[in-house]
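Asker: Here's a structure for you.
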Amino acid sequence: MYSTVCPWIVSLLLCHITGIACQTTANQQALHAHLFTSYDSGEKPYCGGAVNVTLDLALRQVIDLDEPLQILKANVWIRLKWQDCRLVWNSSHFGGIESFVVPVRYIWVPDITLYDGISPELVGFRDFRSSLHSDGTVSYNFPTLTESVCTLDVDRFPFDQQTCPLVFGSWVYDGTQMDLVNKGPVGDLSSAVEHVEWTYVSMRAERHVLHYKYCPEPYSDVTFYLTLRRKPKFYQNSLFVPSALITVMAVLGYHLPVESGEKVSLQITVMLSLAVFQQLVSDKLPPSADSTPLIAKYFNFSLCLVGMTCLMAVVVIAIHYQGNTRMPDWLYNIGVLRLSKITLVCVEHLNGVPEQIQNNNHVENCRKHKENSYCDKLHVMEQSPKEYYSIQSGNPVIKAPNVDYEEAWKKLAIVVDRLCFFLFIVPVNTLPSVLLRMIRMEEKRYFGISGIVCLFSIFINGIAGQTTANQQALHTHLFTSYDAGEKPYCGGAVNVTLDLALRQVIDLDEPQQILRANVWVRLKWQDCRLTWTPSSFGGISNFIVPYKYIWIPDLTLYDSVSDDFVGLKEYRPNIYSDGTVYYNFPSVLESICAVDVEKFPYDEQTCKLLFGSWAYHGLDMDLQYKNPQGDLSSAVTNVEWTYISLKAERHVLYYGCCPEPYPDVTYYLKLKRKPQFYLINLIVPSMLITVMAALGYYLPVESGEKVSLQITVMLSLAVFQLLVADKLPPSADATPIIATYFNFSLFLVGLACVMAVVVIAIHYQGNRRMPDWLYSIGVLKLSYITCVHIENRPSADDRKTTADLFAVKSQNHKVSPAIKTKSNLTLLDLEPVVTAEKKNNEQKDPVDAAPKRVNQDDWRKLALIVDRLAFYLFMIVGVVGTSIIFSKFGM
């Protein structure tokens, strides 16, 4: 029984459901015919006054915030709502249907535009479905991907907070035709997906009413201010901690013994590491000259700190290798005895204050104590003062008993090194806390971009109600036989007027020489086929239609790098009753711009934007500019460039292919670079590194670090030059002045390296006798110029007499009895005996060893003089050359 009844019940239910579905479909079809039979989606609804459009925005996710390009890429949901009096129906006449979902192309949709968008057209704007309600309310919600310019303030990077404005408005309709308002005071963040780098703080909404320079009507917009706070942990671990560790490595230099030969090498390597680190960080930041990031200040401070450490390392090494040079009493008392207690340096084994022993002061005492070996040495000095020289100073000075000059200088070097260590530790420990305090002081600072709110009362007087019937009649009158593909022939060429307003320079890519800018294009022309008498159509004096309805000039950007003129065929022109057509649209231009970087980063660039018709010559379409100057009144400030001017010029050219003239309008956008970013991140560090080469002249040869310091500085400058080269176009027409400066610095440091090799070669000449002419000129005369102190300078004749004297004495030496008894020995057998005899003779007669010490000291003095001359040359050439190079910048 159940098997018989159930099929009947199921059949009845299916018939009932099918009947309802068929009835519903019939009601929908009837409603669709009722609404859209005579509906024109290209015409704005004229329902008495402006169309009120409500806008709401929901953030789904921030995809990326590109700091160098300052572009925010976000996924958002846009929610629109407005009234269309042509879409009203009585639900009881259509089976109780209260709402109806249709494709958006069926109805008129407000032309909502993201003003500072990289792409003027909102992605997905015409791809979804809208919801219609019986009272004429239209709701249209759609997701989109926005790419908008966002001016960043990286002063507190990476503890920064950014506010990106998203400005939405109508491009075609002014405030008297369409009034845009925000739904609430804040946007919707409830559905936002968490971002790994940014925290969503707020998204407040504001409505503005603006008047632009060339448009008398008010224009309303809704701006959403998206405030983001950066999560700093990643940058703390990736930037701050490594850079702090690198800086702390400089502390190790204070614990390196001077004898290790790596004291300066460590400091200069740390300095190079910090400079490279600074360049890596600067690549992640916009080249802003409006503010200097705290992290850049930190890196520059660290560079200066390590530079001072390198300088003090050179001073310590110079002190360490003073040898037996007499130390002044005041320096010993203060620098060694007193400061050693502060720096915890042990000096107990030093016996008293070093005191210079003069010949005349101790002769009498020695005559009374002839058995003293010390007096024997004084006797030698008294007999032949010109023949006795100390190894270090070349002066007839004898070291006092039990006093170690060399050890005193080494102790002083340790004291100075320890003092520098204490001075280094203080700023290293206090700087991070100072930076954090500066950040906390600005914690409540608001980084948003304040909108300019203009409140105007719009009074609409004398405007007659425009009915849908009048619109339809006017549409039929104009477009029944109108062909949008044909140029209007109204007697002669069509006069097209062009005006250009710069919104923002998005990027000027120097290596690729491409300008990317957001502009507003304004066109005006006459079309005699689009004229009517307003009184015949209910007083309608202007009419807004989609671009595809009418003929539009084929405006082309000649030097564009993109395939299409973005925005040219995506907006709505405004037609007036006298046939005048106004077509304004935003566009993102990508044009070739020949960049002259000779004066980088103090350069000015002029980019040409050349507009013309590609299909029509001058006899068919004549292109003119509206004003001799383009519009910069609405330009958004750029962090790297200052807008100087936007000059317009008209040209008429004849090409080889065609005898007809081709007019064009060229806008010359002149930009001036803000140099502060490059000054801090390129020029200042390179100057500091170059100055480090001067420290090599104060390094003693015995330290073994003179050449390695210069080579490291050369490597640093070469790295800097490569970093700068990546930011410039590979042009052979002009050499950037900054590249000339780097090459000059490389040459200067290379010269310092060559001179360091020469000085070392002279220093280690050993016992070779110096020619008299070289001694007279190189030692005696140049020592006065270079301020090298040489006491009791012997003349060249004295040196010759001394040399002859030692030659005679060497001939008078007697052969040892040990050698006489072994007459049949070979040379190899005699070598140990001769060596022992030689040492025995030197111990018996110390005057015999003096010529070797005299020759060694002469060469060392000459090396010091050459080093000092090279230093003077380095400083003179460096200062003069740098001044000449930077004078070319116009500084």
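In case you wondered, yes, glycine gets a Cβ from its N, Cα and C as well.
When I checked TrEMBL for this same protein, it listed these features:
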type	residues	note
SIGNAL	1-22	signal peptide
DOMAIN	29-232	domain 'Neurotransmitter-gated ion-channel ligand-binding'
TRANSMEM	239-257	transmembrane segment
DOMAIN	240-382	domain 'Neurotransmitter-gated ion-channel transmembrane'
TRANSMEM	298-321	transmembrane segment
TRANSMEM	419-439	transmembrane segment
TRANSMEM	445-464	transmembrane segment
DOMAIN	472-675	domain 'Neurotransmitter-gated ion-channel ligand-binding'
TRANSMEM	677-701	transmembrane segment
DOMAIN	682-886	domain 'Neurotransmitter-gated ion-channel transmembrane'
TRANSMEM	737-761	transmembrane segment
TRANSMEM	869-889	transmembrane segment
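Situate these features within the shown structure.
Answerer: Counting only same-chain residues 6+ beyond the ends of the transmembrane segment (239-257), those with a CB under 8 A from a CB of the stretch are 158, 263, 266-267, 270, 273-274, 277, 281, 295, 298-299, 302, 305-306, 309, 313, 417-418, 420-421, 424-425, 428, 432.
On the 0 to 100 pLDDT scale, the domain 'Neurotransmitter-gated ion-channel ligand-binding' (472-675) averages 89 in this prediction.
Distant neighbours of the transmembrane segment (677-701): 264, 268, 271-272, 275, 278-279, 282, 287-289, 292, 296, 300, 303-304, 307, 310-311, 314-315, 317-318, 320-321, 600-601, 640, 709-710, 713, 716-717, 720, 723-724, 738, 741-742, 745, 748-749, 752, 756, 759-760, 763-764, 863, 867-868, 870-871, 874-875, 878; these residues of the same chain sit at least 6 beyond its ends, with a Cβ under 8 Å from one of its Cβ atoms.
Outside the transmembrane segment (737-761) by six or more residues, the chain places 598-601, 682-683, 686, 690, 693-694, 696-697, 701, 706-707, 710-711, 713-714, 717-718, 720-721, 724-725, 728, 863, 866-867, 870, 873-874, 877-878, 881-882, 885-886, 888-889 with a CB less than 8 A from a CB of the stretch.
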